[in-house]
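So the structure is just underneath, and the comments pick up after that.
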Amino acid sequence: MTQDQLKQAVAQAAVDFILPKLDEKSVVGVGTGSTANFFIDALAQHKTAFDGAVASSEATAQRLKGHGIPVYELNSVSELEFYVDGADESDAHLNLIKGGGAALTREKIVAAVAKTFICIADGSKLVPVLGAFPLPVEVIPMARSHVARQLVKLGGDPVYREGVVTDNGNVILDVHNLQITNPVELEAQINAIVGVVTNGLFAARPADLLLLGTSEGVKSLKAE
């Protein structure tokens, strides 16, 4: 199976998982990226089964609206049963690295509100130790050099993602060469740097369920 076919399979598996638990008042949190796009397209086949969605990026909001799915502001929603999103890496504890698409801050906010965070990914994203994928950090623009110096002190090699401005008007530093053996601690350390909005470690609030597309089919993993 191609990578896109694996993504399509996990996206469909996520829809199959949440659909029986939705009703006409349900609002679904939806992530950002290529795998999340497959989820949106699969979910759209059942748009009468739920009320609408909260989007983690402008791009996701546009795709949802294109399918005729109502998109709500998070501030107007009292609860989210599910948040479904992809990841750049996951470990066996379902700690994630996200933010390859630069939507990490809004993704993290929506994930924090959701009762159940379902991560969907192809099998290549499951790794023994996080950090081979550079860790994205969203930064207030004027603090970019200061934050980069602090990230070097933490052992990383930050690279400015040129030409990228987040939906929040900020910039991204991608931190290379990190061996992330304690993701919860590192997430807190980076977020404590003045000028950091947030970073792409989802460890304080990891995924609850990982649906992994493999050549043998979709595997369902809960945190070890």
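The first residue you see is number 1, and the count goes up from there.
Placed from the backbone N, Cα and C atoms, the Cβ positions cover glycine too.
Substrate binds Thr32, Gly33, Ser34, Thr35, Asp85, Gly86, Ala87, Asp88, Lys98, Gly99, Gly100, Gly101 as Swiss-Prot records it, and from the list Lys47, Lys65, Lys115, Lys125 the residue named for this site is Lys125. Glu107 (active site, proton acceptor) sits 8 Å from Thr32 (substrate binding site), counting Cα to Cα. Excluding Thr32, Gly33, Ser34, Thr35, Asp85, Gly86, Ala87, Asp88, Lys98, Gly99, Gly100, Gly101, Lys125 themselves, the residues of that chain whose CB lies within 8 A of the CB mean position for the substrate site are, in sequence, Gly31, Ala36, Ala121. Mapped onto three states, the DSSP output places Ser34 (substrate binding site) in helix. Around Lys98 (substrate binding site), the same-chain residues six or more apart in sequence whose CB sits under 8 Å from its CB are Asp85, Gly86, Ala87, Asp88, Leu104, Glu107, Lys108, Pro136, Gly200, Phe202, listed in sequence order.
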